[in-house]
Amino acid sequence: MWTDKISSRFSKLFYDRRINRRESTGRPTNCENIIRTNGINTELSCESVQSFLRSHPEFLESWVMEEVQLDQLERWIIRKTQREKKRAGSKGSAGRKTSLSHWKFCVHADKRQMLQDLTWSLQRRPSVAHVLWELSGCIASAVGADGHRLYLPEINDVENLCLYIGHGEGEFQSLGETLLPCLVARTKEALRVSKGDSNFPNMACNEIQHLLLQPIIQPDGELVAVLELWRSDSLPKFHEEDEEIASSYLVWGGIALHYARLYLSMNKQRKLNDFLLDVVKSVFQDMVSMDSLVTKIMNFAQRLTDADRASLFLLDSKNKELYARIFDIKGNDSEGDSDSGRSHTEIRFSVSKGIAGQVARTGEVLNIADAYSDPRFNRTVDQLTGYHTKSILCMPIFIRGTVMGVMQMVNKNIGPFNKEDEEAFETFAVYCGLALHHAKLYDKIRRSEQKYRVALEVLGYHNTCTDTEVQETKLQSLPNTVTGLDEYHFNVFNLDDGEKVSHAIYMFEDLFGLSRFDRDNLVRFTLTVKKNYRRVPYHNWTHGFSVANSMYSIIKHSKDTFSPNECLSLYIAALCHDLDHRGKNNKFMLETESPLAAIYSTSTMEHHHFNQTVTILQQQGHNIFNQLSNNEYKQVLGYIKHCILATDLARFFPYKAQLQQLVAERTFSWANPEHRLLLQAVTMTASDLSASAKPWELQAETAQVIFQEFYEQGDAERESGITPVPMMDRNQPEQQVASQVEFLKSICIPCYSVLSELIVETKPMLYECQNNLKMWEQKLSQQQKLSE
């Protein structure tokens, strides 16, 4: 027996201490006096000690408290507890009741079992309130209470508590201000009262005689709940040891509570992350419309906060109104595919009304437990929809620091909206703003695209030749041979615009025939090209035709130099190389930040000219290459792009340098595609600058037209706050001659020089250019003499 061991230990300890004390003091001890008074021989035996202890338990308690060390006493208690557990197990008994010694001295197996039970409960019902409820049951069993209640703080109001019932639906009952639980919530200290005490509450149940109220507090000091335990009149009142038991349970139960909060937080974050991924997918993959995205946002927001309904109001800043076409989503509309419970009639109201209006004005979150008790609540919406609003969580949606809308959650299914709902919803609202912003941009881009298509259709109609023009051009006949058309000195100013069209068609037919081309398409294409040259002083249809004529002359005089597809590409590129030119150079486009410069950062106008060429080819009845094979079509378009871009003088200088090096080193190869591309590029520049290789009268006349366009650009630059270069400043006309001399020396002469080395038939262009340079130099000399 347990008493056998302790009596043996007691006998030895008592005898040793009796001798020690008598030796030190010479007097008998208190224990000896007690024993003598009861007629027991001081020569102790185990039987006599056991008999004495059974009849004098108060002596045993006094002696143990005075003489036995705590660690020894704990070991005894643990052994006793384990023996009692084995006895209970062998008898098949079960239950959660535990003695004071069982918990106070920490039997580790029981601690593990409690934590396992709480963990299993957490897995079944991941709720902080449910974990607290289970923990309360453990404490009630440990202290031998007949029952318990659990009070949780109301949202944002610690002094008002609600009773947690723990039976599924309707788990919370709001009780308002209950005296003792609220007192414990305020003081955060345990309280024991019994019937008859002045502060014992009036209770409907007369059997309740004793109460123990224990606050449940987080490590940061925040009150989590208040636990109320009670006993009937058949049990003793609560003591300090019961408080200690409850506190011990709460220490260990706090671990489960901590992990319950972590689990819920991580689960909410996981759901939020999943939705944010869905939002990103919606923005970049499934952005159908604003209505579609709004529906998805409302669906998830409702599930995130466990709200009965969700509403999203967008802000009309111009009229200072909130509006919603898709007003709310019901709980059964989780996927957003049903129209049930969703209003498609637009609802509008002023931002000066209602809770949503308050949030839109202030940009602050509002969490309201009772909507009808709040004077800011706008009952109009309920009256329009027939819905009864109870609790509201209203959140602003920002984009770039400005409120763009308001998301409103209505009627949380269980209890009011809490702080966790606010935090999760606030994070979600950031991504809502991003998604809505992108959806608005998408709608705006889509509308712009539709406007662009309409504008393109209108532009195509007005910039495309008419059937009448086609028929009239087809009726015009040209002789089989046009005298002088293939000469480098041909005067294009002798032809009117209509004749230029006919001559352009003639040159095409003369070079390529009609075996692979449809004449109707050729006529439409040429007429439309003419129509797409703007009426600017120089870069107009006359210039386009002149460059095409020069290319025609080069091809005619240098037969077999270029392949048939190269010839075709060079001629079409020359004809179209300045389509839709605005009379301004690339530098002007970049400095004035024109839309074209935003699209093409280099060779701005040349890229635009090529795209205009492709646009014309794509119009119905204009594709002159429709009978080419796919490979030929790709090759020809590639050559055309290369040739048109080569008319950018910024590209000419590196092309010319490479070609000059090949010529100087005699390494140019006609079989090398890269060398042939260099030759195409320089040939295009030579045709583009052909006005400088015309007879002096034509060259001088063309120079005046060029300077007229230069001065118009200079005027535009001055209006934009840019100082024009002297060559483009109409206030410095004396710069014309000097600029022409420099232009011919640095660009034109080098171009024709390197070209004539490879295509000797172009030497007349070089000679004419050199003659014009001499004329300009003479004028410059005369100008300088007059200025002296």
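Any Cβ shown, glycine's included, is placed from N, Cα and C.
Binding of Zn(2+) 1 is attributed by TrEMBL to His577, Asp578, Asp688, and within the candidate set His543, His622, His642 the record adds His543 to that site.
For the binding-site residues listed here (His543, His577), the lowest count of other CB atoms within 10 A around the CB belongs to His543. You'll find the Cα of His577 (Zn(2+) 1 binding site) roughly 23 Å from the Cα of Gln740 (AMP binding site). Once Cβ contacts within 10 Å are tallied over all protein chains shown, the binding-site residues Asn540, Thr542, Gln740 are led by Gln740. Annotation note: His577 (Zn(2+) 1 binding site) sits in a coil segment as assigned by DSSP. Spatially close to Asp688 (AMP binding site) yet at least six residues away along the chain are Val547, Ala574, His577, Thr647, judged by Cβ distances under 8 angstroms. When averaged over the domain 'PDEase' (466-783), pLDDT in the model lands at 95. Apart from His543, His577, Asp578, Asp688, the residues listed for Zn(2+) 1, the same chain places the Cβ atoms of His539, Gly544, Val547, Ala574, His581, His609, Thr647 within 8 Å of the centroid of those Cβ atoms. Minimal Cβ crowding within 10 Å, among the recorded positions His539, Trp541, Asp578, is found at Trp541.
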